[in-house]
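Visitor: Could you have a look at this structure, given as structure tokens, before my questions?
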Amino acid sequence: IYFLSAVKKGASQTVIGLIFGCYAVCNLIGSLILGKYIVQIGAKFMLVTGLFVSSGCTILFGLLNRVPAGPAFISLCFVVRSVDAVGFAAAMTSSFAMTAKIFPNNVATVLGSLEIFTGLGLILGPPVGGWFYQSFGYEVPFMLLGCFLLIMVPFNIYVLPKIDADPSKDSFIRLLTKVKIVLICYVIFTLSAGLGFLDATLSLYAINTFGLSTGYVGLIMLGLSLPYCLASPLIGYFTDKYPATRSWFMVTGGAATALGFCLLGPVPFLHIPSQLWLLIIMLGVIGFSLGMTAIPTFPEIITCAYEQGYEEGLSTLGMVSGLFGAVWSLGMFYGPVVGGLITQHLSFEWAAAVQGGLAFFAVSISLFSMYCIAYA
């Protein structure tokens with residue numbers, strides 16, 4: 001929805017990528033700071049405040065269509081997205097930490113189950129948003145989403161428990177001294193970079209290549225979101241029951257992600273023509289592999305943190321949540337910005353191939369690390 005309006009307002013593919021990228025940068029900074037001070041701020045207060053800020057920014061984003069084209073529109077896009085990013089960082093960092101605190105033995109299962117609703121949002125968001133856009137214009141989808149988020153504020157104030165904890169003196173730096181955590185962070189980076197790339201480029205590619213309307217582009221996104229929605233709870237339950245399988249799921253999922261991106265275009269040197277059915281199938285592969293890879297990463301970092309001697313409590317969980325959110329945001333910055341540049345100067349096919357290369361490199365270093373650990 002936003003891409004078409006932004007292009008009409010004079011924003012290039014690169015500028016659109018930078019607007020998405022600034023969201024990721026502010027999210028990264030916010031995740032690290034809020035994750036470090038989650039105990040001092042309060043997990044419940046952080047979540048509720050983040051929801052409130054994000055809801056307001058979503059409503060404001062819907063009003064940007066009334067701003068004159070050119071620098072004024074682009075500047076306000078940067079401002080609103082930046083503030084929204086901090087609100088989202090607060091909500092996500094606190095929600096992940098609270099989930100791990102309340103369900104310490106079933107972190108992956110609960111997160112995987114919650115990701116069903118993320119998948120439902122991805123499933124319903126594009127087609128419903130596209131329909132509202134076609135029927136009522138640019139403003140209505142953002143207004144409805146912002147109001148829905150606003151309703152969640154009093155609901156969460158009433159439902160969520162208050163969690164008291166003592167602040168910790170540990171830091172992110174010591175967390176990153178463990179090689180395995182750094183490798184997991186790179187895996188997270190490749191996943192979010194791929195998603196960020198698709199967010200910034202897939203809609204325009206599908207419209208220009210296959211002549212699709214906005215509504216049909218939303219339906220295509222079902223190929224990504226539905227498999228993710230199905231995979232997340234299954235992988236979460238299985239990895240909680242058999243924790244030793246987490247690394248193998250990350251490797252297998254990464255390999256599938258690499259294959260999916262290389263055939264998404266497909267990559268030009270294969271000389272395979274672009275086909276709509278192939279695009280949808282590869283989105284399905286990427287969606288399922290995302291669930292395979294992403295769900296085990298968070299509990300695995302928690303396990304590594306405890307092995308490093310971190311205290312078992314909200315403070316550690318907040319730092320892990322902040323680190324997860326920061327690395328995810330770093331990928332969400334890289335994906336739209338670099339992917340947008342490659343798409344603009346080369347092609348979507350080459351940009352997708354680069355994302356596949358990142359995932360393949362993650363698989364390679366993960367396998368090497370697992371081999372070294374087994375040999376030792």
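We count from 1, first residue shown onward.
Glycine residues also receive a Cβ, built from the backbone N, Cα and C atoms like all the rest.
Dumping what TrEMBL says about this protein:
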type: DOMAIN; residues: 1-376; note: domain 'Major facilitator superfamily (MFS) profile'
type: TRANSMEM; residues: 15-38; note: transmembrane segment
type: TRANSMEM; residues: 45-64; note: transmembrane segment
type: TRANSMEM; residues: 70-91; note: transmembrane segment
type: TRANSMEM; residues: 103-124; note: transmembrane segment
type: TRANSMEM; residues: 136-160; note: transmembrane segment
type: TRANSMEM; residues: 181-207; note: transmembrane segment
type: TRANSMEM; residues: 213-236; note: transmembrane segment
type: TRANSMEM; residues: 248-270; note: transmembrane segment
type: TRANSMEM; residues: 276-295; note: transmembrane segment
type: TRANSMEM; residues: 316-338; note: transmembrane segment
type: TRANSMEM; residues: 350-374; note: transmembrane segment
Visitor: I'd like to know the mean pLDDT over the domain 'Major facilitator superfamily (MFS) profile' (1-376).
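Guide: Mean pLDDT across the domain 'Major facilitator superfamily (MFS) profile' (1-376) comes out at 82.
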Visitor: Going through 15-38, 45-64, 276-295, 350-374 one by one, which has the most CB pairs that fall under 8 Å from the transmembrane segment (136-160)?
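Guide: By the under-8 Å Cβ criterion, the transmembrane segment (136-160) pairs most with 45-64.
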Visitor: Could you pull out which residues elsewhere in the chain have a CB under 8 Å from any CB of the transmembrane segment (45-64), counting only those six or more residues past its ends?
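Guide: Here the qualifying positions are 2, 34, 38, 73, 76-77, 80-81, 83-84, 86-95, 98, 138-143, 145-150, 152-153, 156-157, 160.
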Visitor: State the residues, same chain only, that lie 6 or more residues beyond the ends of the transmembrane segment (15-38) and have a CB under 8 A from a CB inside it; answer 'none' if no residue qualifies.
Guide: 2-3, 6-7, 46, 74, 77-78, 81-86, 88-90, 92-94, 97, 167, 171-172, 196, 199-200, 314-315, 318-326, 328-334, 336-337, 339-341
Visitor: Grab the same-chain neighbours of the transmembrane segment (248-270) for me: Cβ-Cβ under 8 Å, and only residues 6 or more beyond its ends, written as numbers and ranges.
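Guide: Same-chain contacts beyond the ends: 184, 187, 190-191, 194, 235, 238-239, 278-279, 282-283, 285-286, 288-297, 300, 347-350, 352-353, 355-357, 359-360, 362-363, 366-367, 370.
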Visitor: Could you tell me what the rest of the chain brings near the transmembrane segment (213-236), counting residues at least six beyond its ends with Cβ under 8 Å?
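Guide: Beyond its ends, the transmembrane segment (213-236) has Cβ neighbours at 1, 4, 108-113, 115-116, 118-123, 125-131, 133-134, 198, 202-203, 206-207, 249, 276, 279-281, 283-292, 294-296.
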Visitor: Mind checking which residues of the chain, 6+ beyond the ends of the transmembrane segment (316-338), have their Cβ under 8 Å from one of its Cβ atoms?
Guide: 14, 16-18, 20-21, 23-25, 27-29, 31-39, 43, 85, 89, 92-94, 96-97, 100-101, 168, 170-172, 175-176, 181, 185, 188-201, 297-298, 301-302, 305-306, 310, 351, 354-355
